[in-house]
Amino acid sequence: MSDIHVTPVFADAAPCASPAPEKINLLDLDRRQMREFFVQMGEKPFRADQIMKWIYHYCCDDFDAMTDINKVLRARLKQVAEIRAPEVAVEQRSSDGTIKWALQVGDQRVETVYIPEDDRATLCVSSQVGCALECKFCSTAQQGFNRNLRVSEIIGQVWRAAKIIGAQKVTGNRPITNVVMMGMGEPLLNLTNVIPAMEIMLDDFGFGLSKRRVTLSTSGVVPALDKLGDTIDVALAISLHAPNDTIRDEIVPINRKYNIDMFLGSVRRYLEKSNANQGRVTVEYVMLDHINDGTEHAHQLAECLKDTPCKINLIPWNPFPGAPFGRSSNSRIDRFSKVLMEYGFTVIVRKTRGDDIDAACGQLAGEVIDRTKRTLKKQAAGEPINVREV
């Protein structure tokens, strides 16, 4: 939202017959836009800083509770603005402490996952309703695509989770320390809204997270990745998942447009501009049984990544109904990992979290009204359908 138009409304304004204008959701505004909003109201820019602290430091959505704001301004704000985050439609709790929320965004739902650990708590955030990329091993991709999320619907996931976790301090839940843009959708296909949302995550008057604790994961939209590097500095993770173009063309179809060499070239350009990544990118590699998990694939991957400073995150595949894959055995993952380590790579095998509530990597689905008609096309072709699609 580049231009903000506010018609100041005073508490004693006379009623009129025309319908009231739609209120501005302050969660849609970054700090620059928030200051512009208050200037247009005839207020000093510092009011934006005050309001943002209430919204993000205290998870406050009630203007009347903002005690250092004078009553006249509070009354005016209630007439022209609101603080509205997505509401929780369904909450599920895993036996390992992971929490998944299905959040209502209009007439659909997206999923957000809170993952507590001993030394941190990570929130996995969605950027789109559904996903257009059709990665074959991902549940979200099978739902089709509807629309991009607004800034308020992205940062609102963090706000809603922080409010819930903050209200549960007596349970010992750890406050959110990290945010990963790894939920539903491809973040680089929604840069217009993802960048302002991440700026609020980083802003001292927002959530105040370190740029090393905000991570964007992408499947390889190369022009958008180049643009990201010119706009904001956050940690980067790449969804590679294959050691060569032949396999990646099949399981990550965007590779047919931006192949591995193009993708890794863009990654290296990003690293040259970034401080958040400390000189290396996280490579995500889902382990699919007898598809991409052989020792020959490990050698190919090492050769593929030899010029890209990275650490490699091996992800045991998390199943969903109708998927034509199997999870690699622990022994195959172990052999694969050892080959990479012999080349000098840092390798981490991701611990599966929340799989008992379909909250693990690749399992998020939500409720998507598919504008791509992907489910109908699959029915017509006689292909298996994820049971969560219908």
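Using the three backbone atoms N, Cα and C, a Cβ is placed for every residue, glycine included.
The annotation active site, proton acceptor is assigned in Swiss-Prot to Glu111 on the grounds of sequence analysis. Around the Cβ of Glu111 (active site, proton acceptor), a 10 Å sphere holds 26 further Cβ atoms from the protein chains shown.
For the domain 'Radical SAM core' (117-356), the model's average pLDDT works out to 93. The feature domain 'Radical SAM core' is assigned by Swiss-Prot to 117-356.
Taken from Swiss-Prot, the feature disulfide bond covers Cys124-Cys361.
DSSP gives Cys138 ([4Fe-4S] cluster binding site) a coil state; it is part of no helix or strand. What Swiss-Prot lists as [4Fe-4S] cluster binding site is Cys131, Cys135, Cys138, and the listing cites sequence analysis.
The active site, S-methylcysteine intermediate annotation in Swiss-Prot covers Cys361, and the record cites sequence analysis as its basis.
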Of Cys124, Cys131, Cys135, Cys138, which is closest to Glu111 (active site, proton acceptor) if I measure between C-alpha atoms? They're all recorded positions.
Cys124
With H, G and I counted as helix, E and B as strand and the rest as coil, say where DSSP puts Cys131 ([4Fe-4S] cluster binding site).
coil
Among the recorded positions listed here, Cys124, Cys131, Cys135, Cys138, whose Cβ has the fewest other Cβ atoms inside 10 Å?
Cys135
